[in-house]
Amino acid sequence: MGSASSAYRVIYLDVDGRTQKVVFSRFCSPCDIKELFCTATGLSRNTTISLLDSTGAMICETVNTGHDYGCGLFSHLSDKEELFQNVLTQVAEQFSRAFKINELKTEVTNRLAMLEKRVELEGMKVVEIEKCRSDIKKLREEMASRNNRSVTSLSFLDDNKKLTPRRDVPSYPKYMLSQQTIDALRKPTFDVWLWESNEMLSCLEHMYHDLGLVKDFNINPITLKRWLLCIHDNYRNNPFHNFRHCFCVTQMMYSMICLCNLQEKFTQVDILILMTAAVCHDLDHPGYNNTYQINARTELAVRYNDISPLENHHCAVAFQIFSQPDCNIFANFDPEAFKQIRQGTITLILATDMARHGEILDSFKQKVDNFDFTNEEHVTCLKMVLIKCCDISNEVRPMEVAEPWVDCLLEEYFMQSDREKAEGLPVAPFMDREKVTKPTAQIGFIKFVLIPMFESVMKLFPQIEEVMVQPLRESRDRYEELKQIDDAMNEKKKSENLTMGGKKK
């Protein structure tokens, strides 16, 4: 069998040694093909018919009766004629399949061509995207060189840290704070656990506006947004020393400014320094305190000669951020004013090192009875005590707000003590998970650190007694009660163990 064209097929029949050519259309039915064979060959009785393929190989052989009855009379043929009819039917069906296969091949070829075209187009898109990325990178490098600033992370920063905000300002929505929220922000009872990051950023932004800092110092509102975003992105996700802690400390500072009417006592520059130091005071905190840094001889400890390594690091990161024009809220200050703000902010952040607690509090106590708000040294000392109060003020808040912070702090302490044990370093008892409990962790801290410091401030600002000092006293009493319960439980267990031991003997 062979082919004439895509629309026609040819079959060659060997009839008594003669090769007979039959051409038929692809649209012929099996019945039509049978009739063509009979007509073309003039079959007679005892005629031998061989069906050959295109190579000459025989497909099948049969015998016809020699009568040209046509398709309509096939029902009267003998068994041999019926056999021939079946052969012709099979041949016709094979040709029909051949036509369908060719159509399928054509369709597959067309689809492959379409797919190849799509792959080619997608490849071109990838090339264009890579080109755009390259162009953007070059543009950024050019802008950086024009501004004569190269923003690079210092070696002691986490590799994943960026001093530029990771989000553009439009993705930081401006929340419309309700009057209820605005009023609550001014109080130490504010619940800091109810707010998402963007909401806390909006609250911080509101504080700067409400205190008149944006207006008085001509701070660009967009720059303020960018700076706050950058601050957020440079706090790590530690259990305690994280962005929520930053917000907590700043909100307490804001409430103290409002409660103590500090804007009547301090200059606006002092207020700006207090707020900004609170925002920046724990930037890029690694979650391990100064004791660990010094004992482990970390890069920070080496860099700052074991002198308040973390606090020095917080200051350095803060002013790296300010060095970027997009985040410099002090851009409109003259050099002398900026120098004053820089020095004031550094002084306050360094004061948060608890190793200096006794020194700073003693200095303040010496001044408080004859405090002079016109004396710069007195004012600086008060500002140092204020940021210290705010930094460790969690127990001033309601119990349901304060207690989760204890859990967070203990978690961070336990992470450090576990690491110190693994590295063979000294472990502080108040950080050891095998020795410390909530009551034991808090009682001494509240009695000997918090209450004495807040009572000293109360001498200047009596209005804080009810909303700050009294909650501290109540917290102390509550933890002492919990300790008594814990002690009773421990005594009971010891007694039971002794009883059980006696019975075994």
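Including glycine, each Cβ sits where the backbone N, Cα and C put it.
Those TrEMBL annotations? Automatic predictions, nothing curated.
Cβ neighbours of His241 (active site, proton donor) (same chain, under 8 Å, six or more residues apart in sequence): Tyr235, Asp282, His285, Gly287, Glu412. The active site, proton donor annotation in TrEMBL covers His241.
The AMP binding site annotation in TrEMBL covers His241, Asn242, Phe243, Arg244, His245, Asp282, Asp391, Gln442. Taking all protein chains in view, 20 other C-beta atoms sit within 10 angstroms of the C-beta of Phe243 (AMP binding site).
The annotation Zn(2+) 1 binding site is assigned in TrEMBL to His245, His281, Asp282, Asp391.
The Zn(2+) 2 binding site feature in TrEMBL is assigned to Asp282.
Per TrEMBL, compositional bias 'Basic and acidic residues' is recorded for 484-496. Here the compositional bias 'Basic and acidic residues' (484-496) is broken down by DSSP into helix, strand and coil counts: 13 helix, 0 strand, 0 coil.
Look at TrEMBL and you will find 165-486 tagged as domain 'PDEase'.
The annotation region 'Disordered' is assigned in TrEMBL to 484-505.
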Pairwise Cα distance for Asp391 (AMP binding site)/His281 (Zn(2+) 1 binding site) [Å, integer]: 9
Site with most surrounding Cβ atoms, counting all protein chains shown within 10 Å, from the binding-site residues Arg244, His245, His281: His281
Rounded Cα separation (Å) that holds between Asn242 (AMP binding site) and His281 (Zn(2+) 1 binding site): 11
Chain-mates of His245, His281, Asp282, Asp391 with C-beta within 8 Å of site centroid, Zn(2+) 1: His241, Cys246, Val249, Ala278, His285, Thr352
Greatest C-beta neighbour count within 10 angstroms, which of the binding-site residues Asp282, Asp391: Asp282
Least Cβ-crowded entry, counting other Cβ within 10 Å, from the binding-site residues listed as Asn242, Gln442: Asn242
